[in-house]
Amino acid sequence: MRKAVFLDRDNTLIYDPGYIHEVDKVKLLDGVGEGLKLLKEAGYLLIVVSNQSGIGRGYFTEREFWEVNYRLQELLEHFNVQIDDFFFCPHRPGEGCKCRKPGTLMVEKAVEKWKIDVKESFVIGDKDIDVELAFRAGCRGGIKVGVPCFENFLKAASFIVGEK
Ligand SMILES: [Mg+2]
Ligand SMILES: [Zn+2]
């Protein structure tokens, strides 16, 4: 069984001005490359789980969502690290899907596909729903970045790696 860090994408890994879908706006946030590398070296799979209601709202296409992901991977090449997989929910709130965070379906799919021990895995995100996802999915922990204890991604990653 493997362990994973489930990663929110927007405003956790990359800056998001709101419904980001333009490749030329993709920018890594502070400490992300270094933090992901640290997690990868500690044996964690790096799996994005992202709410993308902009697709369901018709603001951008699934293809544009993937182009942002490919750009993210390109930026991470500089740090010699890559995201292992991407899961996303394209639905609007109120559609009653089971994937929109804090719903757990994206994590469940990843766990099955990659044979992950969810109890040894973490979530990192910038919203309360990301922390709630960790709790609901039965992860070891969930960390919200951009708060005093974890002001950037590297702080969160270092904390996880320090947990034995
Ligand atoms: Mg976010
Ligand atoms: Zn959904």
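Numbering starts at 1 and runs along the chain as displayed.
Each residue, glycine too, has its Cβ placed from N, Cα and C.
Predicted automatically and left uncurated, TrEMBL annotations should be read as such.
These figures come from a predicted structure and were not determined experimentally.
Taken straight from TrEMBL:
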BINDING   D8, D10, D126, K127  Mg(2+) binding site
BINDING   D8, R9, D10, D16, P17, G18, Y19, S50, N51, Q52, S53, R100, K101, K127  substrate binding site
ACT_SITE  D8  active site, nucleophile
ACT_SITE  D10  active site, proton donor
SITE      S50  site 'Stabilizes the phosphoryl group'
BINDING   C89, H91, C97, C99  Zn(2+) binding site
SITE      R100  site 'Contributes to substrate recognition'
SITE      K101  site 'Stabilizes the phosphoryl group'
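Its Cβ taken as reference, S50 (site 'Stabilizes the phosphoryl group') is surrounded by 22 other Cβ atoms within 10 Å in the chains shown.
K127 (Mg(2+) binding site) sits 13 Å from R100 (site 'Contributes to substrate recognition'), taking the C-alpha atoms as the reference points. Using a 10 Å Cα-Cα cut-off from R100 (site 'Contributes to substrate recognition'), the binding-site residues that qualify among D8, Y19, N51, H91, D126 are N51, H91.
Around the Cβ of C97 (Zn(2+) binding site), the same chain contributes C89, H91, G103, L105, each under 8 angstroms and 6 or more positions distant in sequence.
With respect to ligand 1, the binding-site residues P17, Y19, N51, C89, H91, C97 contribute no residue with a C-beta closer than 6 angstroms to one of its atoms.
Of all the binding-site residues in the list D8, D10, Y19, D126, the shortest Cα-Cα distance to C99 (Zn(2+) binding site) is found for D8. Spacing of Y19 (substrate binding site) relative to D10 (Mg(2+) binding site) is 9 Å (Cα to Cα, whole number). Counting neighbouring Cβ atoms within 10 Å of each of the binding-site residues (C89, C99), the lowest count belongs to C99.
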